[in-house]
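These come from Swiss-Prot:
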- His53: active site, proton donor (ACT_SITE)
- Glu109: active site (ACT_SITE)
- His113: active site, proton acceptor (ACT_SITE)
- His53, Asp91, Leu92, Lys94, Phe105, Lys112, His113: RNA binding site (BINDING)
- Cys38-Cys43: disulfide bond (DISULFID)
- Cys67-Cys116: disulfide bond (DISULFID)
- Cys175-Cys204: disulfide bond (DISULFID)
- Cys187-Cys198: disulfide bond (DISULFID)
- Asn49: N-linked glycosylation site (CARBOHYD)
- Asn59: N-linked glycosylation site (CARBOHYD)
- Asn160: N-linked glycosylation site (CARBOHYD)
- 1-22: signal peptide (SIGNAL)
Amino acid sequence: MSKSQLTSVFFILLCALSPIYGAFEYMQLVLTWPITFCRIKHCERTPTNFTIHGLWPDNHTTMLNYCDRSKPYNMFTDGKKKNDLDERWPDLTKTKFDSLDKQAFWKDEYVKHGTCCSDKFDREQYFDLAMTLRDKFDLLSSLRNHGISRGFSYTVQNLNNTIKAITGGFPNLTCSRLRELKEIGICFDETVKNVIDCPNPKTCKPTNKGVMFP
């Protein structure tokens, strides 16, 4: 292969592997179940409700991460906004004081994911959108109302069908190695108004085994 051909191949691969700024095709709201998370990592606090891990713009062909590293994260200073975020999007590994003081978790999520939709949502809008979507379903109460309660094991199919009945789309489920429910991803179309089935879900494989909701 000639030098010019190698250069062309390299350029094509670079384009294929590089994220496309602002070209997301769907959005995934990832909610963490703190009880399972805190059995894996040391936590300073363990809420008994689903908390936000992140709001991730993505597309079907290329994983979107760090779309604009030059875009700064400006720390939140409004006390009410910080408390609202900490209630819904806490850094479980940090105390509330450290979390609000340094905002490291929010910064990491914004730089990695929020910059991939900043052509549509600025920093304030991005975090407000995540909180709005999280509050929309009140997932813990909705699961309980649909017969999914803590302390019991359920099939993946049961969980998928129940969450679809609540949200309107099949989720992306993540489990721990002990097959405890760790995260639920809810996917939205590019308008972030309509729930869709999550593309290529992990689904806590193998799907023929039960999943504990601790």
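Heads up, the Cβ atoms here are built off N, Cα and C, so glycines get one too.
Quantities reported herein were computed from a predicted structural model and do not represent experimental measurements.
What Swiss-Prot annotates, mapped onto the structure for a quick look.
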{"residue": "Asn49", "record": "N-linked glycosylation site", "DSSP (3 states)": "coil"}
{"residue": "Asn59", "record": "N-linked glycosylation site", "DSSP (3 states)": "coil"}
{"residue": "Asp91", "record": "RNA binding site", "DSSP (3 states)": "coil"}
{"residue": "Phe105", "record": "RNA binding site", "DSSP (3 states)": "helix"}
{"residue": "Lys112", "record": "RNA binding site", "DSSP (3 states)": "helix"}
{"residue": "Asn160", "record": "N-linked glycosylation site", "DSSP (3 states)": "helix"}
{"residue": "Cys187", "record": "disulfide bond", "DSSP (3 states)": "strand"}
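Non-local neighbourhood of Asn49 (N-linked glycosylation site): Pro34, Leu140, each in the same chain, at least six residues away, with C-beta under 8 Å from its C-beta. Look at the recorded positions His53, Lys94, Lys112, His113 and count other Cβ atoms within 10 Å of each Cβ; Lys112 has the fewest. Classification of Cys43 (disulfide bond) by DSSP places it in coil, neither helical nor stranded. Local packing around the recorded positions Cys43, Leu92, Cys187 was summarised as the count of other Cβ atoms within 10 Å of each Cβ; on this measure the leading residue is Cys187. Here the disulfide-bonded residues are Cys38, Cys67, Cys175, Cys198, Cys204, and the one whose Cβ sees the fewest other Cβ atoms within 10 Å is Cys38. Within the same chain, the residues at least 6 positions away from Phe105 (RNA binding site) whose Cβ sits under 8 Å from its Cβ are Trp89, Pro90, Asp91, Lys94, Ser99, listed in sequence order.
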